[in-house]
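Chemist: Copied straight from TrEMBL:
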- B:41-64: transmembrane segment (TRANSMEM)
- B:115-133: transmembrane segment (TRANSMEM)
- B:145-166: transmembrane segment (TRANSMEM)
- B:172-200: transmembrane segment (TRANSMEM)
- B:176-365: domain 'ABC transmembrane type-1' (DOMAIN)
- B:221-242: transmembrane segment (TRANSMEM)
- B:248-267: transmembrane segment (TRANSMEM)
- B:301-329: transmembrane segment (TRANSMEM)
- B:349-368: transmembrane segment (TRANSMEM)
Amino acid sequence: MASQEVLREEPSRGSFINDPRVRGIFYQAVVVVLLAVSVWWIVQNVIDNLTRLHIASGFGFLKGRAGFDISDSAIAYTSDSTYGRAIVVGFINTIIVAVAGIVTATLIGFIVGIGRLSRNWLIRKICTVYVEIFRNIPPLLVIFFWYSGVLSVLPAPRDSINLPFGSFLNQRGFYFPRAVWGDGSWLIPVALIVGIAMAWFVARMARQRQMATGQQFPVFWTSVALIVGLPLLAYVLSGFPLSFDFPKQSTFNLTGGFQVKPEFLSLYLALSCYTAAFIAEIVRAGIVGVSKGQTEAAGALGLRPGSILRLVVVPQAMRIVIPPLTSQYLNLTKNSSLAIAIGYPDLTATAGTVLNQTGQAVEGVLIMMVVYLALSLVTSAIMNVVNARMALVER
Amino acid sequence: MQEHDMSWVRTEMVLAQPAPAGVSGLGAWVRKNLIASTGDTILTIVGVALVAMILPQVINWAFINAQWTGTDRTFCATVGQGGIQPDGWSGACWAFVNAKFGQFMFGRYPIEERWRPILVAILTVVLLVPLLIPRVPRKGLNAILLFLVLPVVAFILLVGGVFGLPHVETSLWGGLLVTLSLSFVGIAVSLPLGILLAMGRRSKMPIVKTLCVIFIETVRGIPLITVLFFASVMLPLFLPAGVTFDKFLRALIGVSLFAAAYMAEVVRGGLQAIPKGQYEGADSLGLGYWQKMVLIVMPQALKLVIPGIVNTFIGMFKDTSLVSIISMFDLLGVVKQNFSYANWATAQTARSGLIFAAFVFWLFCFGMSRYSMYTERRLDTGHKR
């Protein structure tokens, strides 16, 4: 077919209907027409149904009085607040559980993933069993297990389980001492920020000096001293402004302290356990993916095992690890929507309640979709920046 | 010339010597794998302590102290809670699982009609197992029976209403029956749909490509529960007044569309890994687009992404448990519904029921992942570098 006519850009002598370009345009036209017709049909139906059910469309309903209570709320909220505020409360709760879950899952995942490559047979097997169990059961089941199987059959508040540091565990959740900051405590966060900034500068200077002269500087210990020491110094200087409000047992309930509700606890534990199994596999694949020659070459250069791990293996493994890790973080954030099953008021749960009360199905689902899409995009944007810093610098 | 032949050839083999002491046997294994260094020894001690702490408790709970038979909650409750067990007793309540086993498998499917799902299950196993074993011949016929004939037979058997079979509402379905039928149909729909979407995403037609990208990225960006909400709340609004959709069907659409978007990305990965020469080679042979895809590209691309496809299947199988949130009773939903009934409510019931459900889910998912590893090894033609 690729004859010389084609090169001279004359119309091909083949039949008109066999021209791929014409066909392409035709197919796309068909798709557009079909899409337009079905969208028009759906919109008509939606309008019909909404008028029949007497539901006004638009987002005006967000200003209405919510009229329902939310058990966990990071910002001020009563049943007199607006629907919009209820959704914001849910959004904040989603963020809280997602961030807490991501941190814990990463921690467990890295430990288990490295454990699966341990030379120690027992540790290897324990980690494998952990991964194979949690990878193969639904996250929702893990949530229910923590909620109905473990936390709700704990003793009543009267016979709470005493834990170290004045904390308690009972069927109403986990109680621990609440920190009460006194006068002058503002000095401590300021000191912390100053410490971090100074540590960063020290690290930069040390790197420049090493590049120029080859001399090394104990960056790690200096940073620890700065970041931990400065706030500690500020704490002493401002006259020990920290005290604790311990939970106390009264007849029927615990008073004081900080209460973590079982709904949050079970969601957080389940998401962490479940996602950690996947992160462990990713970490393992990342470390296995760094070829043995790299370790051997580093050894031949005279690096110690610790330095080999820190300077040669980990930077290369991170390159393999970060992209799938990002998608696990996204999965965890999306799985946090399972909160609705146990009544933790996250975005899906509050938006679902609003949707049921007002009947604004289209707007409610739209809000959910847009917020989760935005969360996904923000997470991937952050991880892309991290990835770009880690990526192989090639010529 | 040579008078004395100096060469010497051994005529009989020397007996193999035993390996030197210290590199073989139990002692060496322990030295190498458990106490190679101080750190290792500490880890081993921690590990042994962990196992010694957890394992006896688990075995005690699940087997030794477990209550295997019973008809109501008194069998699994302590005397203080109004039951027959001694105070401080803690054991699995398998009696609950035992008593509700039929519910867990079939939901509220009428008892006298339960031979129908059982028959479908037997047919499925009979057709599926030979397809999975590579040595069994007649794969083509087998596949046709499984993917074209069985769905029709299964539909007639399960739903009924013809051939004198009484009609069974899908709202009566439940338990493992719902979980398995959702996942089977979901798998059968999402794989072809995912392949089409992946091809659409790599198409040269801009409008088709944009539509596919929008669909895939939107669905992948939102949680399945939102998709299910969409399917259960918004689909009825999309249809003319009076037309109603079966709830089961709505969930099925939601789950399939969701899995298709993930499948599309997996397949796209495979398509991208096929060298350009393969496409061009097919073009130069004069193959059309569909011939090129079906005969040349897809067989290679799909083979590359078998692990990804199976992972998506496993993910979907697990995700079917989410339909319990939109008040359908799959395996997890039925278990949850049953342990909240008052005549079985004890401290152990929820735990036992959930562990049973977890075991069933685990069995299916673990089996799938092992089979995929086996297939991967078998299809590995050694082209990997």
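Backbone N, Cα and C define each Cβ position, glycine as well.
Values in this document were obtained by computation on a predicted structure and should not be read as measured data.
Describe the structural context of each listed feature in the structure shown, including burial, neighbouring residues and relevant distances.
Modeler: Same-chain neighbours of the transmembrane segment (B:115-133): 105-106, 109, 139, 142-143, 145-146, 150, 153-154, 157-158, 160, 165, 168, 177, 180, 184, 371, counting only residues six or more beyond its ends whose CB sits under 8 Å from a CB of the stretch.
Sequence-distant neighbours of the transmembrane segment (B:301-329) (same chain, 6+ residues past either end, Cβ-Cβ under 8 Å): 107-108, 173-175, 178-179, 182-183, 186-187, 190-191, 194-195, 224-225, 228-229, 232, 247-248, 251, 255, 258-259, 262-263, 266-267, 269-271, 273-274, 336-337, 361, 364-365, 368-369, 371-373, 375-376, 379.
For the transmembrane segment (B:349-368), same-chain residues at least 6 beyond its ends with a Cβ under 8 Å from one of its own Cβ atoms are 62, 73, 76, 92-94, 96-97, 100, 104, 176, 310, 313-314, 317-318, 321, 331-332, 335-336, 338-339.
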Chemist: Going along the chain, which residues at least six beyond the ends of the transmembrane segment (B:172-200) come within the CB cut-off of under 8 Å?
Modeler: 103-110, 117, 121, 124, 147, 151, 154, 158, 208-209, 211-212, 215-216, 248, 251-252, 255-257, 259-268, 271, 293, 298, 302, 309, 312-313, 316-317, 320-321, 323, 328-334, 360
Chemist: Checking distant contacts: for the transmembrane segment (B:145-166), what same-chain residues at least six beyond its ends satisfy Cβ-Cβ under 8 A?
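Modeler: Contacts of the transmembrane segment (B:145-166) (Cβ under 8 Å, skipping residues fewer than 6 from its ends): 110, 113, 116-117, 119-120, 123-124, 127-128, 131, 173, 177, 181, 185, 188.
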